[in-house]
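Per TrEMBL, the features are as follows:
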- 45-294: domain 'G-protein coupled receptors family 1 profile' (DOMAIN)
- 29-52: transmembrane segment (TRANSMEM)
- 64-83: transmembrane segment (TRANSMEM)
- 103-124: transmembrane segment (TRANSMEM)
- 144-166: transmembrane segment (TRANSMEM)
- 211-230: transmembrane segment (TRANSMEM)
- 242-265: transmembrane segment (TRANSMEM)
- 277-296: transmembrane segment (TRANSMEM)
Amino acid sequence: MKTLSNPTNSSTITGFILLGFPCPREGQILLFMFFFIVYLLTLMGNASIICAVRWDQKLHTPMYLLLANFSFLEIWYVTSTVPNMLANFLSDTKVISFSGCFLQFYFFFSLGSTECFFLAVMAFDRYLAICRPLHYSALMTGRLCNILVISCWVLGFLWFPVPIIIISQMSFCGSRIIDHFLCDPGPLLALTCKKDLLIELVFSILSPLPLIIPFLFIMGSYALVLIAVLKVPSASGKRKAFSTCGSHLAVVALFYGSVLVMYGSPTSEHEAGMQKLVTLFYSVLTPFLNPVIYSLRNKHMKTALKKILGEIKTWSSKKTLGN
């Protein structure tokens, strides 16, 4: 792994500077407090879904098991960026080590790819539930569900090691400043001493595939769902079918809407501030909103969460009385 070097200076640089959101010290503290609260709420919201699925026997179905795994993924996805961002708000140097930068790069993009695969698998589950309701239990077995979950994790984490290792071996010159709050490939490649068109071409081809392939699969699944729903004679049946998919469609729209804005057009077309805002939306705010979406639109999940809260209150009351 090569260190950064400046042709006009023999000293070596062991890290990058993440500018984040430049503003006065008071503004940095306010941003720290805001994102710290968002981070805690994100952890609590996704953890509550995992606990609800774990403790409520009625939720031990493929749909909710996939949701619990998705919430577990969201916890790690937001953790790959926010803790370092919070530390930078309070830091004067805002330096991230060379190895730390590429580790964040790897985990952020691997977890993001895993999220795309999970969204595709969840769309497939909804397709089977609506289009093949009589065969759903026989098709979506516990074994198949486990295979799909493991496949999402494996595919997500095996996609980026090679391109990231190749980029990490390149030489970086001059400025070590990255005008972002995380190690993004665009700003990193801009800091290389010599442009390698082959590496950039390989990365530009490989990196969108975990985004595009699941997206096409999701669109295909919901096209078939829409056709099936339109054939349902009763209005109540159509509403029930759409409500089954509503939460997942909302999450897909939030995630893919912002990601496609970011990566659907050349990076040069986006100002640095816009890049940071869009990345912030799909990497921080979307994991924060997902538990709210799934909880508010799903009566079974709301019932399970209320049950857990009731048990916690009962336990707290007994403990208080015991003391």
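The first residue you see is number 1, and the count goes up from there.
Here the Cβ of each residue, glycine as well, is placed from N, Cα and C on the backbone.
Curation does not apply to TrEMBL; its annotations are automatic.
The transmembrane segment (103-124) is not in contact with the transmembrane segment (29-52), judged by fewer than 3 CB-CB distances under 8 Å for residue pairs 6 or more apart in sequence.
Sequence-distant residue pairs (6 or more apart) of the transmembrane segment (64-83) and the transmembrane segment (277-296) include at least 3 whose Cβ atoms are under 8 Å, placing the two stretches in contact. The listed stretches are 29-52, 144-166, 211-230, 277-296; of these, 277-296 has the most Cβ pairs under 8 Å to the transmembrane segment (242-265). Within the model, the domain 'G-protein coupled receptors family 1 profile' (45-294) shows a mean pLDDT value of 87, rounded to a whole number.
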